[in-house]
Amino acid sequence: MAQSEVNSVCVASDRAGDTGDQSDDSSDGSLFKTQCAPSPIQKQRHPTVKRVTLPASVETDSSSDSSIEPRPLTLKAIFERFKKKKRKKRKKRKYEPKLRPRGRPRGKPSGTRITRRSQIDAKQIKDKGAVFPFLESESGRKPLPWKKILTYEQAVARGFFHHIEKLKYEHHLKECLKQMHAGEDLEKEDLDSRRHKYMDDDGSLSPIEEPLTEDEATNPQAECDIKLVEDSCFIISSEFSRKRNLEQEKIKKESTFSKKAKDATHREKGHRRTLKGNEHVTIEEDSRPQPRPFAHLQSKVMKKGELEYLEVHHLCGLSQPL
């Protein structure tokens with residue numbers, strides 16, 4: 001292919017050279033004839049064929065894929081491959097300012113303040129919903145505040161749902177009585193009385209009376225658990241607590257008197273109690289009066305002989321001179 005393309009290019013260049021020579025001859029022969037400008041030669045663009053040269057290692061690998069067994073992946077190989085990978089840098093996002101207004105809105109005076117009351121229409125203020133005339137007379141205010149109206153509306157809704165629940169129980173009980181073929185006189189009673197009659201802690205009780213056995217007929221009060229008792233059995237008398245308080249006060253007084261008597265006896269004997277660790281230890285004291293220190297300084301101005309006499313007596317342990 002390449003040789004044929006080169007040959008065609010050579011032929012085209014020869015033809016162009018011949019035409020150029022002929023034009024030169026004609027121009028030399030006839031000077032007065034108008035000369036035609038030669039048209040530019042259009043060179044053929046050679047299509048570049050890109051050959052992808054595969055490395056020898058790839059060719060050998062492709063040929064020897066069937067012979068070589070696949071290597072088992074290990075953690076070390078996975079980590080090395082992850083480290084060699086070039087991580088793409090994230091593009092830094094430019095700050096795009098939001099179109100929210102900042103600061104105080106313009107066109108409004110600084111003193112004005114938007115309140116919730118200003119947003120409520122006049123019709124909403126007039127029509128407060130449910131009216132409670134008996135509550136208005138008790139509270140003394142004709143237009144009740146919003147908080148009270150909300151609490152009363154909630155109470156009304158609660159009572160309504162309780163009434164629906166009661167009606168549902170009644171309807172269910174009537175259906176059960178019809179299935180049990182109970183009398184019509186039982187259906188005429190109120191729900192509360194029927195509830196206590198047919199329900200018990202252990203389970204549901206049948207409204208149909210069961211026939212009594214022979215033992216129950218002979219001894220009707222044998223298995224009776226209910227007994228009428230006076231009210232005094234249930235009320236605890238307060239005399240017991242008073243007596244108990246008086247006894248406690250007496251015991252306290254006796255203990256205080258005994259402590260005082262012991263302290264007085266210890267003082268008379270001249271004993272003194274001291275703490276030795278965590279135990280009280282009694283120490284006997286001398287009943288004799290101890291000499292006062294510096295007694296000679298308290299006396300008035302004396303003669304030298306009297307002072308010497310007092311000092312001698314003081315050193316001997318005598319409080320007063322003989």
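Keep in mind that glycine also has a Cβ here, set from the backbone N, Cα and C atoms.
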Message: Labelled region 'Disordered' by Swiss-Prot, one stretch among 237-256, 257-276. Can you tell me which?
response: 257-276
176-197, 198-219 - the one Swiss-Prot records as region 'Disordered': 198-219
